[in-house]
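Among the features that TrEMBL reports, GTP binding site is placed at B:108-115, B:191-195, B:249-252. According to TrEMBL, the feature domain 'SRP54-type proteins GTP-binding' maps to B:270-283. Per TrEMBL, the feature region 'Disordered' maps to B:387-408, B:430-451.
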Amino acid sequence: MNFFKKLKDRVTAQTDTVTSKFKDGLEKTRSSFAEKMNDLAARYRTVDEDFFEELEELLISADVGVHTVMELTEELRTEVKRQNVKAPKDVLPVISEKLVAKLDYSGEDYELNMNDEGMTVILFVGVNGVGKTTTIGKLAHQFKSENKNVVLAAGDTFRAGAIEQLAVWGERVGVNVIKQAEGSDPAAVMYDAIQSARSKKADVLLCDTAGRLQNKVNLMKELEKVKRVISREVPSAPHEVLLVLDATTGQNAMTQAKTFKELTDVSGIALTKLDGTAKGGIVLAIRNELNIPVKFVGLGEGLDDLQPFDAEQFTYGLFQELVEAGDHKAE
Amino acid sequence: MAFEGLAERLQETMSKIKGKGKVSEADVKTMAREVRLALLEADVNFKVVKQFVNRVKERAVGQEVMKSLTPGQQVIKVVNEELTDLMGREESKLEQAEKPPTVIMMVGLQGSGKTTTAAKLANYLRKEKNRNPMLVAADVYRPAAIDQLNTLGKQLNMPVYSQGTEANPVDIVREGVEQAKAENHDYVLLDTAGRLHVDETLMEELQGMKDAVQPDEVLLVVDAMTGQDAVNVAEHFNEQLSISGVVLTKLDGDTRGGAALSIRAVTEKPIKFAGMGEKIDQLETFHPERMASRILGMGDVLSLIEKAQTNVDEERAKELEKKMRNADISFDDFLEQLEQVKSMGPLEDILGMIPGAGKMKGLKNMQVDESQIGRVEAIVRSMTKAEKQDPKLMNASRKRRIAKGSGTTVQDVNKLLKQFEDMKKMMKQMSSMNGKKKGKGKGGMQLPFMR
């Protein structure tokens, strides 16, 4: 259980605003999950099949993904037998041990991949309504406050009002927005944006794209083309392809990640709307199966509410009580 | 797709039991587990799943299933019936105010599709119901939300009431409805800002808007891809606003849409509409019984039939069927078929609706390239009348001419001719199969535009 102690110490030692932002943002997510977990342990006298079934449900309720959950509980069953655990409260530490092993965030790189030799181009992709434009606005603000020269490319030429939406963000943050008329070719917008960002000597170019469901073949091809144009103009680009995922999304998020990864070589995930009651547990499954790291989380509507992903914080936030239960046993 | 349908899973379970002659209680338990997993994978909330599986188990153990010779199918039948009961059987209609205008308020989380749905619904009311709706833009928070509704209004040539982003949403809707009254609109659609169900301030604001205009419908707009959290969202919105119905959006994706079941179970409010695409006319009345099949991964046969009916001339279809049976089809018939299929909408959508299409060899993960259809069409249209009727006429110089005329290559022409011949052979086989033995090989059929 040393690991948990370390994790806890590290997380509680961080007293800066990031930690409190994370905590506040995840407040609702955390409390309900932890309460239920404790309640489950308290209600059962012995560890039996019903206990496991409820445990499965609890994990599934976090959208962790049926497959991952089944794998996990299978391992747990074996472990419980091996260690001859009888009391449910003694299972909790075993659970957390297994969970963290699943998360396995050692050595993962959550930093954005920046281009040291010139302009960094970041392409944003995702299905409709996940928060691509908003995430770009927030990220632009972050770069701007680091004194970087930021340009936005209004690549969503399809949805009504999308260009205006990005333009408003550009004004709000104080950065340039390269745009064409609604209905124009998004690849052409990207071409323009790259030329213009170059002449403006931009450090970062953030490229918005129209939301598209991953099963629309033609729209996905269009996205491939957008990416191709970017790579043609800036050979090392895009330096990041961020898939924006809505934390409320269920199992379909896995299909989204798979398809977008195949076609655009997604390098990271921005998990939005995590300030609600949804837990976004599917990112665990996505990490597990596709090895795409989460790089940002959206924790609110404010300009500063996009935070770099911190796996320790995320895990701790989700499973705090479990971690503490682990500590308890260790003492 | 990442998951297989319940039907396939049950079949698999059953094949293990097969040969035992009798289904034991333990077998029912195994099947119940499969049902449970299938529903969970479809994003149905676990609480809802639990209740549901218990009901299915009761009926299954209650001999209905165990005595049957085809227990696998019986379980599917029981599950389907129970699902349909839960989803409701009837399509539900929009409320109508005794004294116009009827006020409809759209509420929901961010990004669920309220603005798009408001415009789609307005279009539906005018086109299908001959109404005269007006839109009110009350989303003052999201940048350019008002612009979005204005643009959609312009596209539809429909009035949009707005006061900019500085005004109070409660005032906007109150005055919007007043204006609609004054201008004799019979429907007013209120677009509100997306908000989290746990954001107390913003939820109170919605309540204030509701109190101010007393809407006849409060429609909760929910993304069909929503996971386990759908119950929380629906419960909160329903508790605080007493919603009257639900619109399920983005159902043209490949999600199972189990959220529909969860929402229905916790709110007991009907799902009234489904968003089926990004185009303004892609809003459909919600058919609960079809959703049941979709959640189970059994395909949406009814929608397919309906699509076919509205697009296919029955007389012609009969004639064609006869021709197909005699394997006497020409390129003219082929072209006509192609046109019909195209008029039914994107091919992928159609294939998705065919039950078992996921299981058929070659169809799984198949992607249809619509531009290929265009090429096939071009080749056929470059043929002479005689060639279309009798492909045997084809020789090298004719092929070269056709390739030139259609902007393709001789290889492309050859490929199509070959596929056409194969298709004819298939038809022959099928018709000789009819009545005799049920065929084993379904996998060989390859239409020219499939890759």
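Here the Cβ of each residue, glycine as well, is placed from N, Cα and C on the backbone.
All annotation found in TrEMBL is predicted automatically rather than curated by experts.
According to DSSP, the secondary structure content of the region 'Disordered' (B:387-408) in residues is 17 helix, 0 strand, 5 coil.
By a Cβ separation below 8 angstroms, chain A lies close to these of the binding-site residues B:G108, B:G111, B:L251: B:G111. When the domain 'SRP54-type proteins GTP-binding' (B:270-283) is classified with DSSP, helix, strand and coil residues number 0 helix, 6 strand, 8 coil.
Looking at the domain 'SRP54-type proteins GTP-binding' (B:270-283) alone, the prediction's average pLDDT is 93. Just so you know, of the binding-site residues B:K114, B:R195, the Cβ with the fewest other Cβ atoms around it within 10 Å is the one at B:R195. Within its own chain, B:G108 (GTP binding site) has B:K114, B:G194, B:L220, B:V221, B:V222, B:F237 as residues 6 or more apart in sequence whose C-beta sits under 8 angstroms from its own.
The Cβ of B:G111 (GTP binding site) has 25 neighbouring Cβ atoms from other residues within 10 Å, across all protein chains displayed.
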